[in-house]
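Trainee: Please read through the structure below; I'll follow up with questions.
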């Protein structure tokens, strides 16, 4: 892995003990539909959904305040191994996710990027460390993780950090406070895919969701910073809900009004 830090400031078939079928990604714009492959575990609590040959969305069903909530991250299939954006709700789900993707792609998970210190992102940190997987985060996320009783990720990401995993380029960006004090987003420049995490709401979201640690008055500015930095977005992956396009950022701004 090379690192350069910037800025100081349905048809169903059996596959790998899972279920594969054809589905679609819903966009904010109804005219944009992308056919995809979805692979699920036997219980339906974990799925990976193909965005392109090398980028998949991983989704796990966890529970928040007694309600079942699906949470999204990314799986990057690089020439040097697999990289995840976010772990999962807990160590059990994270362990099963790792085993599932390693079996599917016949590669090891080498690195994970943690986008903030809530359970749906960092809940599997112990499972990562047990496997020797590098867990990248900002220093603030590492600090907040420790305060919440989690093992600490590396704390090696700056305001903007450019990473390279084999042939795959990744940029992490801290646009400012919003869903949490520490939320970052992940940009894949080769594919123009933005993993917005919980800072970005899905098209079907009617409200801002969990705002217990939110900075609602600063959230809009952070979204605007993302729009200024990433002007040519192909797909946006929200922390929860369906994949969309740039319209998800605009929808989030509407919810903040």
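Quick reminder: no glycine exception, Cβ is built from N, Cα and C everywhere.
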Trainee: 198, 240 bind Zn(2+) 2 in Swiss-Prot, but which of 120, 156, 182 does that record place at the same site?
Mentor: 120
Trainee: Swiss-Prot records 116, 118 as Zn(2+) 1-binding residues. Which of 58, 179 is assigned to the same site?
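Mentor: Site partner of 116, 118 for Zn(2+) 1, according to Swiss-Prot: 179.
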Trainee: What other residues of the same chain, not counting 120, 198, 240, have a CB atom within 8 A of the CB centroid of the Zn(2+) 2 site?
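Mentor: So the extra residues in range turn out to be 69, 71, 72, 118, 121, 179, 197, 209, 210, 238, 239.
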Trainee: Could you measure between residue 240 (Zn(2+) 2 binding site) and residue 201 (substrate binding site) for me? Cα positions, answer in whole angstrom.
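Mentor: For residue 240 (Zn(2+) 2 binding site) versus residue 201 (substrate binding site), the Cα atoms are 7 Å apart.
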Trainee: What count of other C-beta atoms do you get within 10 angstroms of the C-beta of residue 118 (Zn(2+) 1 binding site), across all chains shown?
Mentor: 27
